[in-house]
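Right, one structure below, let's go through it.
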């Protein structure tokens, strides 16, 4: 068995030991966010797991990312060589895809032990039954999960800075995509000092056991179950507003933490009224940019999507019998609401049905650790005291993957740190987790497998571009189409010409 604190500590130690100083925040002046994927291996003998002597599991960080920023729409490139979204959760997921690609190569070439075993169909693989994956984030995902109720008479885990949220200028700035410095506002700490934020009490349920139960819903939801019908398409404005006011017992919700993520076109939109009614919940949102709007969906939305389609993406689905799902999400110590997390990650797609074989709406354990990330905004703000200058998000993003070749990558503005205008477009100016490099790694995997052992989806037609390979993953595309039709109809998609590179 494992606990949320064990997962957090493992990730914090990995960050301190395995990630370089380059790309980390400047002490007392910058902060960042951390995310990772942890592989959990259950003991071979499940019978040894008893209340008196719990079974020990093997835990290993297989991907990690830091970062707080996105590029604006005007900086996007059709060559696939820039990272549009450098939020930590997205960086960690892409590094996880690198790890999966490497493990598929090990399996297909029979060189070393792999996390994959042969599936029942030709050319397909599936995850070993004794393995599962836990996603860790030092902070609540931006977007819907960060619309957190503030209750009276409860302790606030981070020191706020006084600001009058009732003033129209402050309200406007908090929801404006173009507001400077708004790259990552998972929550807004600049709330009135008199307000108290709800921190979910930790329960004995923090300890997680192995085995067949690891896909069951988990975590204390004090405010009652989310309605099965909640998703961004079918909630009325009144229903959305009501959800924000749900509170345990007789506690009064006096406000909500703001998210900088803005509602996508086609959604109901925020009321922006003072207090708890400021946001509508359950809506799809895009990440804020600095002067230039982004096309990057919020991390809450992306993680909800991964929970139906898997973390592997379309390319890797060619080789997999079923998607690679996360079994649990662990959040570090920060402003947090169990209700908001469950609503954002699982509640909005509960009624999705008629998915293709292998795909399904997964139940997900959602837990919080008591351990604070030392380079989070809260931690740095508490330490810096009277240090001169503003506290700002770190401009760099660090990527790490458990692969033998070039496991580390440090980027800024979507390119490897140090890239100049003259070098943009060259091989040296590509992150290892850019779309074009992930495509190159996928093609490298194909080159090492005899063509007659390729899965049918790759042999029936000639595939050339990134778009070709994605569209040929028919089961994945069918699942994605179903999810959009039934829950995420307003999802922003990039035009096809951004995927025509090869």
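Placement of Cβ uses the backbone N, Cα and C atoms for every residue, glycine included.
Copied from Swiss-Prot, the annotated features are:
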- 89: active site, proton donor (ACT_SITE)
- 87, 142, 299: Zn(2+) binding site (BINDING)
- 93, 94, 302, 305, 435, 470: 1D-myo-inositol hexakisphosphate binding site (BINDING)
- 63-501: domain 'A to I editase' (DOMAIN)
- 191: phosphoserine (MOD_RES)
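Distance from the CA of residue 87 (Zn(2+) binding site) to the CA of residue 305 (1D-myo-inositol hexakisphosphate binding site) is 16 Å. Neighbour list (residue 94 (1D-myo-inositol hexakisphosphate binding site), Cβ cut-off 8 Å, at least 6 residues apart, same chain): 65, 399, 433, 438. Annotation: 87 carries the greatest number of neighbouring Cβ atoms among the binding-site residues 87, 302, 305, 435, 470 [cut-off 10 Å, Cβ to Cβ]. The record assigns 93, 94, 302, 305, 435, 470 to the 1D-myo-inositol hexakisphosphate binding site, and the maximum Cα to Cα distance across that set is 18 Å.
Looking only at Cα atoms, residue 299 (Zn(2+) binding site) sits nearest to 89 among the recorded positions 89, 93, 435, 470. In this model, the domain 'A to I editase' (63-501) carries an average pLDDT of 82. For the pair residue 435 (1D-myo-inositol hexakisphosphate binding site) and the residue listed as 'active site, proton donor', the Cα-Cα distance reads 16 Å. Cβ neighbour count for residue 299 (Zn(2+) binding site) (all protein chains, 10 Å cutoff from its Cβ): 32.
According to DSSP, residue 142 (Zn(2+) binding site) is assigned to coil rather than to any helix or strand. Recorded residues residue 93 (1D-myo-inositol hexakisphosphate binding site) and residue 142 (Zn(2+) binding site) have their alpha carbons 15 Å apart, per Cα-Cα distance.
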